[in-house]
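As recorded in TrEMBL, the features of this protein are as follows:
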type	residues	note
REPEAT	9-43	repeat 'PPR'
REPEAT	44-78	repeat 'PPR'
REPEAT	79-113	repeat 'PPR'
REPEAT	114-148	repeat 'PPR'
REPEAT	149-183	repeat 'PPR'
REPEAT	184-218	repeat 'PPR'
REPEAT	219-253	repeat 'PPR'
REPEAT	254-288	repeat 'PPR'
REPEAT	289-323	repeat 'PPR'
Amino acid sequence: MMKAGIEPDIVTYTSIIQGVCNFGHLEEARRLLSHMVQSRVMPEILTFSILVDAHCKEGLLVEAEAVVDQMIQLGKMPNIFIYNTLMNGYCLQNRMKDAMEVLNLMVERGCSPDVVTYSMLINGYCKAKRMDKSKMLFQEMLQRGLIPNVITYSTLVDGFCKVGNLEAATELINEMQSRDLSPNHYTLSALLDGLCKTQQIDKAMILLQKMEDSKFVPDIVTYNILINGMCNARKLDDAIGLFDGLHARGLQPNVWTYSILMHGLCKGGRTEEAYQLLKEMQRNGCLLDGVAYNTIIQGLLRDNKNTRAVQLVGEKVERGFSADLATMELWINYLLTNEAPSFSS
């Protein structure tokens, strides 16, 4: 193009930078930006947004910050999308202090945060289990006149459930319903998981019934949560009953369903049932992963069924799974002590 005496315009440069970023050639994209400026073609906000987003997705936050600095030097102020993108990049790396600095900076520069801004920051602090900071940001959001959406509430519900504060989670669900916001599948699954982890299985089953009676059709992930909760609560027969009823509900067990139930059975000393479940899994064409193999191998060793354990180790290796550290530790433990290896929860 340039050899023909045709100079690229802003649209051409931006399109090429977008394409280069899509292929992950970010250094080349930055060179194009520099060439663009040298050619006196002023980049637009969109051009910078593409670059910042691409660098943040790759975790290159220093380079993303450099693009923002260059943008400001050229007299272009970042918009809400760029600030949110940068903050989300820091949140994904659990660098919440840096994310908050971006928030403070954008406010100082006259760019008002929106619901997306606060939802991302709240999510970052929830993942770090800093519910005090998450709640503080939620209150700050309300003080700014911003209305939380379903994502904001669901994030907080999940965060409180993960730290075992089901009372706060339930209060948030009641609050969101008072704002005419309906909990979604993610919200209810988070609460279900919280109930199961605190072994409130009866309440979890009531919630499942409410889900089935409403527009939310529980999926296999929902049932995996419940089966896991029942196994941890040593309600193995109930877990098996729920598992056996999956087909009637139009659901197919996945590798996690089988692994959860097999682990529960092995932990409960019902290794033979777990082994038969493994065979059923294979007959149904559900491919075992390394975790499923290790679960059964551990159970067989615990019951001194060494021949089957050896067969499964061989089968595991034949299927392309290496005899990993977890498997080797089980064998070493057994060979050195001739004692059954203990189960991890």
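Here, residue 1 is simply the first one shown, and the rest follow in order.
For all residues, glycine too, the Cβ spot is worked out from N, Cα and C.
Sequence-distant contacts of the repeat 'PPR' (219-253) (same chain, at least 6 residues past either end, Cβ-Cβ under 8 Å): 185, 189, 192-193, 195-197, 199, 201, 204-205, 208, 211, 260-261, 263-265, 267-268, 270, 281, 284, 286, 345. Taking H, G and I as helix, E and B as strand and the rest as coil, DSSP gives the repeat 'PPR' (254-288) the counts 26 helix, 0 strand, 9 coil. Residues 10, 13-14, 17-18, 21-22, 24, 26, 29-30, 33, 36-37, 85-86, 88-90, 92-93, 95, 98, 106, 109, 111 of the same chain, all 6+ positions outside the repeat 'PPR' (44-78), place their C-beta atoms under 8 angstroms from a C-beta of that stretch.
Confidence across the repeat 'PPR' (219-253), taken as the mean pLDDT and rounded to a whole number, stands at 96.
Counting residues 6+ beyond its ends, the repeat 'PPR' (149-183) has Cβ neighbours under 8 Å at 115, 118-119, 122-123, 125-127, 129, 131, 134-135, 138, 141, 190-191, 193-195, 197-198, 200 in the same chain.
With DSSP classes pooled into helix, strand and coil, the tally for the repeat 'PPR' (79-113) is 26 helix, 0 strand, 9 coil.
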